[in-house]
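Lifted from Swiss-Prot, the feature list:
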COMPBIAS  56-73  compositional bias 'Low complexity'
COMPBIAS  107-116  compositional bias 'Basic and acidic residues'
CARBOHYD  ASN57  N-linked glycosylation site
CARBOHYD  ASN136  N-linked glycosylation site
REGION    50-116  region 'Disordered'
TRANSMEM  143-163  transmembrane segment
TRANSMEM  179-199  transmembrane segment
TRANSMEM  211-231  transmembrane segment
TRANSMEM  234-254  transmembrane segment
TRANSMEM  275-295  transmembrane segment
TRANSMEM  301-321  transmembrane segment
TRANSMEM  378-398  transmembrane segment
TRANSMEM  417-437  transmembrane segment
TRANSMEM  455-475  transmembrane segment
TRANSMEM  480-500  transmembrane segment
TRANSMEM  516-536  transmembrane segment
TRANSMEM  551-571  transmembrane segment
Amino acid sequence: MYIGAFQDTLFVDMLEYFGWVTVGKEYLDIYRPNGVPVAPNAVAASISGKEEMKQDNQTSTDSMSTSTQQETDASNEDIERAMDTDNGLDKAMSGGQGVFGTEEDDSSTKDASKPEEADPFLVEFLGEDDPRKPWNWSFSKKTFVIVQLMVLTCINYMGSSIYTPGQEQIQHEFHVGHVVGTLNLSMYVLGYAIGPIIFSPLSEVSSIGRMPLYLWTFILFTILQVACALVRNIAGLVILRFITGILCSPVLATGGASVGDVCFPRYVPRFLGAWAVGAVAAPVMAPILGAAMVVAKDWRWIFWLMLFMCGATLLSIIFFFPETSHECILHRRAKRLRKLTGDDRYYTKKEKQEEALPVSVFIKNTLWRPIKMIALEPIILAFDVYIALCYGAFYLFFEAFPIVFAGIYHFTLVEVGLAFLGFCVGCVFAYTALIIFQEKVIRKKFLEGKFRPELFLILAMCLGWCLPFSLFFFGWTARIHWILPIIAELFFVLSVFNLFQATFSYLAVCYPEYVASVFAGNGLCRGAFAAAFPLFGKAMYDRLSTKKYPVAWGSTLIGFITVVLSLIPFVLYKYGPALRARSRFSPDS
């Protein structure tokens with residue numbers, strides 16, 4: 001039972017590799033009944049076609065019975081067409097060209113319309129209800145997979161900021177200053193900004209998929225926590241933090257794609273939002289755990305705690321996290337058929353496409369295209385700068401909080417960590433606003449047939465004021481009462497979280513064929529800003545501080561910049577269609 005339910009997990013892969021289990025025998029009766037190769041989709045399509053014709057005839061007979069029934073049928077057809085449009089948009093938001101593994105569905109539909117031309121050696125899903133297709137997994141299995149994704153994402157994001165409560169001890173032990181001590185945070189963030197440039201395209205290769213990248217990099221990530229806990233010099237710690245940042249990046253970059261692999265397209269935005277809540281909440285919860293370790297033991301126990309959390313998560317993933325990429329699942333099916341039958345003619349469409357793609361072209365698209373699109377596309381450049389500054393401002397709070405809560409209110413190390421929980425409360429409000437916007441604006445426009453990509457920007461336009469307000473409010477109320485800076489956190493998350501969701505949805509729809517490159521470039525910009533801001537943050541606050549307002553002018557400086565950048569959604573709402581029409585990468589050009 002376990003083998004059947006989790007046949008594409010690492011543990012089952014190992015059992016299969018050593019010959020202790022055989023997976024895929026059930027497909028022999030489907031693809032080679034009586035030893036003769038057949039195209040199972042052709043048979044399924046023929047049967048499906050007859051059933052659909054019968055249903056159409058019955059529907060037309062019933063529809064002539066009363067005019068009321070005709071109106072109901074017409075209304076249902078309108079809703080179905082709107083849902084089809086909804087699904088199409090969600091596929092575009094998911095990456096169009098396979099970022100969420102939806103290519104095979106279109107091709108399967110096209111092949112089904114011409115069963116006489118079906119290739120008996122072409123391996124595809126056995127119709128839309130194929131039980132091995134992740135969309136058709138049981139609800140409990142889908143939930144378990146998504147929960148594992150969220151836990152894995154949270155732990156990797158925790159790795160960035162869990163270190164911060166122990167920074168003073170590290171500086172004292174290794175006799176270094178604040179900037180060098182902060183490098184351990186910055187290099188980790190820079191690592192997970194660079195990693196997606198390499199790992200995101202690899203996750204789209206059908207012979208690799210997502211699960212092996214998540215697992216093998218996380219295994220190395222877990223092992224290196226031991227090295228971080230035992231290191232004896234600051235240079236070694238900085239290097240280890242950079243490497244672990246790179247290793248944690250696969251799930252941070254493509255975890256959303258795995259959510260899309262598992263969920264039906266129309267539900268993807270909701271679950272992506274929930275996954276993003278974990279990505280925001282994890283870095284702000286980590287300082288609480290780090291502070292507890294520093295108070296109870298010392299800074300090295302921060303990494304021992306990371307080791308224990310990683311180890312428990314790793315066991316779950318090894319045994320229960322299956323491959324989710326649709327194309328990789330088909331590749332595995334074809335590979336098993338080739339092995340079981342001894343016939344090398346079984347293949348998938350993705351395999352043929354990859355064989356025809358030169359390695360040099362793949363590398364060029366991977367490394368150069370994200371930078372090229374930033375340089376040539378004003379829409380991408382504008383939002384990359386905007387989001388990068390927001391992300392940098394987020395990491396500035398790790399420098400500002402000790403100044404405010406420890407310096408002014410004399411909070412303990414653990415209490416300073418607890419002050420970050422305002423961001424978590426803000427996530428609840430932010431996610432609620434996102435769901436309301438999707439239902440009341442986006443979905444409504446779909447049903448009316450009036451959707452256009454710029455509608456996503458309404459969310460950023462409505463909440464854009466919250467970002468500069470939160471920075472001004474945080475800076476100028478810091479000495480009034482400790483609760484006021486925490487309230488500012490709510491407004492910050494409300495704005496930044498929904499800016500991210502609106503921007504990523506907008507960019508994905510504008511550039512569906514190049515969404516992986518768009519997001520890789522955006523991640524690089526975000527990581528670069530987030531790595532740099534903590535390095536100069538304390539110096540900025542110290543230079544601009546006054547006795548009464550220690551963080552006011554520093555926060556105000558960033559706040560004024562965000563005021564200017566908050567105009568970007570308004571400008572692109574008006575001029576976005578014209579810019580897309582002149583783009584060399586947009587399908588609207």
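Every residue gets a Cβ built from N, Cα and C, even glycine.
Keep in mind it's a predicted model, so treat the numbers as computed, not measured.
Listed by sequence, the residues of this chain that lie at least six past the ends of the transmembrane segment (275-295) yet keep a Cβ under 8 A from its Cβ atoms are 146, 149-150, 153-166, 169, 252, 255-256, 259, 301-302, 304-305, 398, 412-414, 416-418, 420-421, 423-424, 427, 430-431, 493, 497, 500-501. Here the transmembrane segment (211-231) sits apart from the transmembrane segment (378-398); fewer than 3 CB pairs are under 8 Å, leaving out pairs fewer than 6 apart in sequence. Ranking 234-254, 417-437, 480-500 by CB pairs under 8 A with the transmembrane segment (516-536) puts 234-254 at the top. Recorded stretches compared: 179-199, 234-254, 378-398, 455-475, 551-571; the one with the most Cβ pairs under 8 Å to the transmembrane segment (417-437) is 455-475.
By number of Cβ pairs under 8 Å, the transmembrane segment (551-571) is matched best by 455-475 from the list 378-398, 455-475, 480-500. Long-range neighbours of the transmembrane segment (179-199) within the same chain, counting only residues 6 or more positions beyond its ends whose Cβ lies under 8 Å from a Cβ of the stretch, are 156, 159-161, 163-164, 167-168, 170-171, 213, 217, 234, 237-239, 241-250, 252-254, 366-367, 370, 395, 398-399, 519-520, 523-524, 526-528, 530-532, 534-535, 538-539.
Its Cβ placed at the centre, ASN136 (N-linked glycosylation site) has 15 other Cβ atoms within 10 Å.
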